[in-house]
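Engineer: Structure in structure tokens, see below.
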Amino acid sequence: MTSRYERQEKIGEGTYGVVYKARDTSTAATVALKRIRLDSEEEGVPCTAIREISLLKELRHENIVKLLDVCHSEHRLTIVFEYLDLDLKKYLDRENGNLDAATIQHFMRDLLRGVAFCHQRSVLHRDLKPQNLLISREKELKLGDFGLGRSFAIPVRKFTNEVVTLWYRPPDVLLGSMQYGPPVDVWSVGCIFSEMATGTPLFAGKNDADQLMRIFRFLGTPNNRVWPSMNQYPNSNNMLSQPEFLQNFEPEWSNVLGSVPGYEKLGCAGVDLLERLLRYEPSERITAADALNHPYFSLQF
């Protein structure tokens, strides 16, 4: 079966396995092959691969990368995806971080459509970041790399908290939250929205504590009013009793929005949407579906 695909060049390493650009000899289409080696000691296919396959088979949407085929041999599993040669990180770098207001709005709408579709189907992505958002020739943005994706249909399941690249990780996960739902992706969307506006990651932390500190400085030190569940996470006591977290930071939010170039491209409505995405309390973050109906998307740029 894999002989149908002519491998051309290695284009990256995914959550696991190697990704190649290839040609489908039966259609002449360019495709991406994600190859996963199956170690003889291991029983069957890595669970991350099975998770990605089963999720993507269910998720058919224009803003989600298409899974075209799955080839399985004794030593290797090959997942065939539509080929997109550009991700949002590369796109931002190419434009020197300077996207115009209309492009930001367009990408943001695509991102939220993909995320809302996942959430409607009880699927969390859990690793949203610019490198996992692919851009087509037609400038459509699509969610890719579902290696960490997880169905959340069973309500009170404990998830592992080793998810989401640090910079796009919400404060509840930084404090060790093991039970979370769609708000984990919504926080990441907020971070990506800000990065599209300014060209720079909003919270580029070096470790969990530094990441949380950057969030505290930006949003202000939380209290039980703005974050009722803040003391209920596994690492709350440990982390929040450190001297640096006992300082009272005034929010830098309005100063940053007023002084960092790029935020003006969002308009007042875009800034309001950003604030609703980046709430401390997970249940108070706007949903992806509600975000699509936000006045920001009525703005004409």
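Using the three backbone atoms N, Cα and C, a Cβ is placed for every residue, glycine included.
Okay, these came from Swiss-Prot:
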ACT_SITE  D127  active site, proton acceptor
BINDING   I11, G12, E13, G14, T15, Y16, G17, V18, V19, K34  ATP binding site
DOMAIN    5-297  domain 'Protein kinase'
MOD_RES   T160  phosphothreonine
Engineer: Can you tell which of E13, D127 has the most other C-beta atoms within 10 Å, given these are the recorded positions?
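Structural biologist: When each Cβ's neighbours within 10 Å are tallied, D127 tops the list.
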Engineer: Counting all other Cβ atoms within 10 Å across every protein chain shown, which of the binding-site residues I11, V19 scores highest?
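Structural biologist: Per the Cβ count, the most surrounded site is V19.
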Engineer: Return one of helix, strand or coil for V19 (ATP binding site), based on DSSP.
Structural biologist: strand
Engineer: So for G17 (ATP binding site), how many other CB atoms are inside 10 Å of its CB?
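Structural biologist: Within a 10 Å radius of the Cβ of G17 (ATP binding site) lie 22 other Cβ atoms.
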Engineer: Cα-Cα, whole number of Å: D127 (active site, proton acceptor) versus V19 (ATP binding site)?
Structural biologist: 18
